[in-house]
Amino acid sequence: MIKTCNPRWLLALFCLVTAMAAAQAQTAKLPNVMVLATGGTIAGTGATSTTTVGYTAATVGVDQLIKAVPELSKIANVKGEQVFQIASESMTNEHWLALGKRVNALLAQNDVDGIVITHGTDTMEETGYFLDLVVKSRKPVILVGAMRPSTALSADGPINLYNAVAIAGSPDAIGKGVMLALNDQIHSARDVTKTNTSTPDSFKTPELGLMGYIQGGKPFFYRVSTRKHTADTEFDIASLSALPQVDIVYGYANMNPVALDAFVAAGAKGIIHAGVGDGSLAARVKPALIAARKKGTIIVRSSRVGQGILARNGEANDDELDFVAADTLNPQKARILLMLALTKTNNTREIQRMFYTY
Ligand code: DGL
């Protein structure tokens, strides 16, 4: 006797199979985005919901960060990896090399369309610029953080993470260099800087301007950096286990050469002089800079001012002193470019070219 199936069962089975196929098709259509977590306030916790300062950074793990934003599953296939769990003021060259190599390895995979890096905001602009100079791919790499800990009222981390994943999965973000995305804004890693110790609108690109906005899970771009980055970089960290020591001396009235001399004595291969104004050299410090150069230390004139071009042969005769001008890079970013430049050359003309290229 042939047993007949109950038509209702058949219909239910058909609906189930169709729904599973549709879900599978939907997932297949979504971009694959890796979230690499390094710590910071976005992973921070405070004693109460109104604690927005005096909290502990780097306590929440990447899986929890992702779980806290279930909407992510609608815009991307997200996987998380805890690369570090630190407050970003403690980021080191060794962390950067490990992170850069991991990013390059993941982006070389066909099943990775973009990367989001959750990071403390204190040094996020530096990590972003370092990656802008060493990532060997056009795929999007987006750094994201938060100015309020995950436990705070109106914590900005979850929406910032959602926006960063949306950008990382967007074809519009391909080939635009490493970017930072916070507060619904998109900034180039080269030109963005943290401008406020605690407010959610802290990240700005003074004068040169942000790249665009993220709204409703979609990025809107209005400008791109004119400088070389990522796939066009000449720098390669694959075989590097360390970066040359480069330190920054800060300019101010009544400045003296004690810090500069100490850095040089400790073996600094390069010095960033974060001068007042257009990188002016104090009479008491100039001889020490000249002596350092004579010992082979590369001197880059930058400015503490934070905006504008640091003009070569402006406040000092760089041709005669054999110094390098930092162009528009702030001191902390000039340090990154000089470190990478020194992995390739000590020639100051070549290094100056790099400061006009990246
Ligand atoms: N300790 C700071 C850091 O990890 C907290 C600031 C933040 O992440 O917003 O950068």
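Every residue gets a Cβ built from N, Cα and C, even glycine.
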From SER73, SER88, SER170, SER188, the one annotated by TrEMBL with THR121, ASP122 for substrate: SER88
Residues in the domain 'Asparaginase/glutaminase C-terminal' (245-355) grouped by DSSP into helix, strand and remaining coil: 40 helix, 23 strand, 48 coil
Length of the line joining the Cα atoms of ASP122 (substrate binding site) and THR41 (active site, O-isoaspartyl threonine intermediate), in Å: 9
Least Cβ-crowded entry, counting other Cβ within 10 Å, from the active-site residues listed as THR41, THR121: THR121
Sparsest-packed among the binding-site residues, when each Cβ's other Cβ atoms within 10 Å are tallied, from SER88, ASP122: ASP122
Cα separation, SER88 (substrate binding site) to THR41 (active site, O-isoaspartyl threonine intermediate) (Å, whole number): 9
THR121 (active site) versus SER88 (substrate binding site) - Cα distance in angstrom: 7
